[in-house]
Amino acid sequence: MAGRDGDYRQEAADDSDMDDLDPEIRLSAKDKGKGRANPRVQKLKAQPKEVYSWEESYTRSWDAVQEDEDGSLQNAVGEFLARTRRKRLQVPAEAIRRTIVRHLVLVIDLSASMTDRDMRPNRFDLTLEYAREFVAEWFDQNPLGQIGIVGMKEGIAERVCALSGNPPDVLKTLANRRDLEPSGEPSLQNALDMARGGMSHLPSHSSRETIIIFGSLTTCDPGNIHDTLKQCVEDKIRISVVALAAEMKICRDFCTETGGIFGVAMNEGHFRDMLFDHIPPPAVRNAQNAGAPANGNGAPTNTATGDLMMMGFPTRLPDTSAPTLCVCHGIMKSEGYLCPRCLSKVCDIPTDCPVCDLVIVSAPHLARSYHHLFPVKPYDAVRSLDPNEDASLTCNGCGTAFPLTGHAPLSSAGAADGVSRYGRYRCPECKKDFCSECDVFVHDILHCCPSCNT
Amino acid sequence: MESASHLSIIIDFSPQQWHSSSSNSDQGPFSLASFLPQLFIFLNAHLASQHENTLTIVGAFPGKSSVLFSSNEASTEADADPKLYQPFRTVNAAVVQRLSEELESLPESTDAPIALVGALTKSLCYINRLVNPQTVSSTTQNTTLSSAISPRILIFSVSPDLSASYIPIMNSIFCAQKLKVSLDVCKLYGPDTVFLQQAAHLTGGSYLSIHNRDTLIHYLMICFLSPPAVRQLMAVPTEDKVDFRAACFCHKTIVDIGFICSVCLSIFCKPTPVCSTCRAKFPMKSLTRLKEALKPVLPPGIPEPSPIIDSLPDTAPALTLPGGVGMSGGGKGKGKASQARGGGQYPPLHLGPMGMEGPPNGMHHGMPPGGIMPPGMGMGGMGGGRPGPPLKKGQKRSMNGMPQGMMSGVGMPPGGGHPQMDWRSMMAYPPGTAPASTGTTPTPPPPSR
C-alpha cells in the first residue's frame, strides 16, 4: 500500500575515492546524509532544497586530504577525527527543557527482508546486537524511562516485551534470537497500533516515542495506514524510523508529521550512529513547532506543564542479610531492595513495585538524569593564541602537553566547524584550555568541567 | 598480577582539616608529617609490585587541584642514590617538591572549598587518556600502554561533604562506572562522607574509615594495594551499609516516598502545587490524587486482622519473618505461632526488642534492652515506626490481602522493622552462647545527608 519510491539516496557515496578512510571520516568530510537525516531541523529552516547525492555538484573529496611538510597524512586524519567528534558536540548551548521521563517502544522489523546480508553478518543479527547495546545505553542515560519492544512479522505485530523500566528484563527478551526468527511480511500499521495502545495510558509529562527499525520496502496493512498516522499525531507519539533498505514515503511522512527523525542507514556504523542518536532525551515540544499540521484540533498543550510523580526510595538490604524470596522472580536471595510502601523485596531498581505499583528509584538514578538538566557549556575552539596571556602549556584535564605551534589549517572549512588548529578548547566559564580528547570526554561522559567545579 | 595497573591517588590537603587532625585528641594526633611517610611506603609498594605499574598523584587544595606526580612525565634525576631503587626516589622527590611548592603558594586565609571534584575529574580525564590511547596524537609516543590496563582511583579524604559538589561528584561516579574505574576511599579524619561512600559502593571500590591512624600503612597495604582483579579473591572490607535514599529539597529530611517534579527532578516530601526549584505548576488533579495516595489505610494503632497469615500452610515456616529467620537455628515447632502473631499484630512488636517472643531459647541473652531494635533507631530506616505500610490503592489490602500475603511470603519484617538489623549477627552465635554484649551491637543508623 505504501509507495515504493524509495531509492538509495546515499548510493553515490560509494563511488567516492575515500574508501580507504574510515567510514566516519567519509561522512564527516562530505557532510552528506546528515542534513537529510534530520528533516525536522530542515523544516524549521525555511525548507532548503533537498538534493539527492547524485544531484549534488561534483566534489573533489580527495582534495580535502593534504600532506604536511613531512609528507605525512597524520595531521589530516587527526583533524578529520577531531572534526567528527566535535560535530556531535555542536548542540545548542542554551538550556532546553528535556523530557526526563521517557517511554519508548522499539519496533523491530522481523520480516523476511531482515535476512538480507547487505549488512554483515545479516540485518537481523546486526539489528539485535545494536538493539541490545541501544537498550543498555538508553537506560544508562534515561534511568527513569521505560522501553517496550514490538516485533513485526508475518503481517502481525508481536509484543516482544511490554513497557518495562528494568534493563535486564528488556535485554533478556532480546537475547534469544530463536524466538525472534524473521519471517513473512511486516505490518507497520499493526505495529504502530500496538505501540500506540501500549502508551495510551501514560501521563502527559512523559514522552511517548516509537523508533522503528525497518528493513523491508513494503508494508502489509489491514486498513488505511494514514488513519493510524492521524491517530499517532493526536496521541502525540513521536515516531522515528531507521530504514535499512531505502526511503519509503510513508515512513518519511510518519517522521515529519510526528516530529521524529528519519534516516536510511548507509552501512553498519551509520546504522549504529542513527540509532544511538535517539538516546539523549528530546527537547520538550511546544505546540507550534511540533511539525504537525494535522494537530489543528486545539489539543491542550499540557505537555509543557510539569507534574508530580510519586516515587519510593527503597532500603537496600546488605549482602549479609538473611535470604528471602523476591517478589519479582520468586528467588531466594540475600541482597535486594525493600519497597518503602508495601515492603516487598525486589531484586533490582529502578522498577515498578510489582505489588503496589510504586515507582522505586534510588537517589543516584535521579542524579544520573541531572546532566541533561545542567549540561556543560560547549568549549570554544581557540583560534588565535595571544602571546601576552600565559596560557597553560598542558591540558587542564589530562595534563597532556599542547603543541607549541598550531599546524596550518588544512582546509578552508577548518575554521568554520569549530576545530582549533592549536588543539585547544577553552571553557567559557573558567577560561581554562583543554585538549580535544578531554573536550569530547567532558561533554560526552563526564558532564562536568574539571576546573569549574572546585 | 598479570597486567599492569594504574593507580590514581587523590589526596585532600585541606589545611584546616589537617590542622585540626594534628591537634585532635580524640583519635590521637595525626599530622601530615606522619601521613606522608606511610603514603610513600604505599606508593613504593605499588610501583614495586609490578614494573609496568603507573601512578598519578593529584592533590586537592582549597580552590585548586594540581597534579603532584605522574608516571608518564617523570624525569629521571641525575642524582641517583645507589642505595635506593630509582623509581622510588623519583616519586618521593617529585611529590615532596611539588607539594611544598603548592603549600607555599597557598594563600594565608582562604574560604575556597577543597577542589576534590576537580582532582577527581582530572584523574578521570587522565585515565580516559590511558584507556583510550589516541593513535593520532604524535606527541605522546610513550603511551604505549595496552588497553588491558586496569585503572583505579584511591581518595584520601579528610574533609566533610560539600553539598554543592553533589552533582559533579555523582557525574564523576557515573563516568567512573563507564570507564570501569573503581573508586576506593580512605577516610583519614572527620565524619563519614556519604558522597564518597556512594562513590565507593557504586563503582565497586571499598570505603574505609581509619580509626587507628598510626597503623595506616597496614590498612593501605591490605586493603588498597591489590588491584581489582586480585581483590575479588580477598576479603577486602566493603561498605555494605550505604544509604541511597534522598533528602527532600524542602526540609532536607530523608524521605522514603518522595514527590518528584517531572521537569527538574526536585524531590519534595509532600505534594506541593508549585515546584520551588523550577516554578513549574502542577495540575490540581494530580495533587489530589497524590494526597489521596498518601493517606494511610488504617488509623495508627489498630492492629490489623490477618486472615492470610493464619491460613498459611505449614510448609514454609522458615521463610517468613525475622523472628522466623532467627528461629531457623532454634526451634521450628514453636516458630509458627510466633510468626503468625508477628505478622498479624505488628504494632505491639515495635515497642519491645523485636521478635523476642519468637526465638524460643536464649537468643536474647545479654541483649541490652532494646539492643536489637531500639524503636527510634531501627525503624529509622523505614520511616520511623509507621504502624503499617499505607497503600496507594486502599482497596488492595482489603480486597485480596495481597501485600500482607506477599509480605509474609517474602519474609518482610513486620511493621517496617529494619531487616538490616542484627538478626544475622545473632545467628552467628549458637543460641545461648552469645557473648554478653559483643556481636549484638546494633547497626548504626543509616547515614543521612
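Going from the start of the chain as shown, residues are counted 1 onward.
Here the Cβ of each residue, glycine as well, is placed from N, Cα and C on the backbone.
A TrEMBL annotation is a machine prediction, not a hand-curated record.
What you see is a predicted model, and the numbers here were worked out from it, not measured in a lab.
Positions annotated as compositional bias 'Basic and acidic residues' by TrEMBL: A:1-12 (among others).
Per TrEMBL, region 'Disordered' is recorded for A:1-48.
Taken from TrEMBL, the feature compositional bias 'Acidic residues' covers A:13-22.
As annotated by TrEMBL, compositional bias 'Basic and acidic residues' applies to A:23-34 (among others).
The feature domain 'VWFA' is assigned by TrEMBL to A:103-244. Per DSSP, the secondary structure of the domain 'VWFA' (A:103-244) breaks down as 57 helix, 38 strand, 47 coil.
Under DSSP, residues within the zinc finger (A:339-356) fall into helix, strand and coil as 0 helix, 4 strand, 14 coil. TrEMBL lists A:339-356 with the feature zinc finger.
Beyond its flanks by at least six residues, the domain 'C2H2-type' (A:425-447) meets 82, 85-86, 88-89, 371, 375-382, 391-392, 395-398, 400, 402 of its own chain at Cβ-Cβ distances under 8 Å. Residues or ranges marked as domain 'C2H2-type' in TrEMBL: A:425-447.
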_For the domain 'C2H2-type' (A:425-447), residues assigned helix / strand / coil by DSSP_ = 11 helix, 4 strand, 8 coil
*For the domain 'C2H2-type' (A:425-447), provide the mean pLDDT of the predicted model.*
86
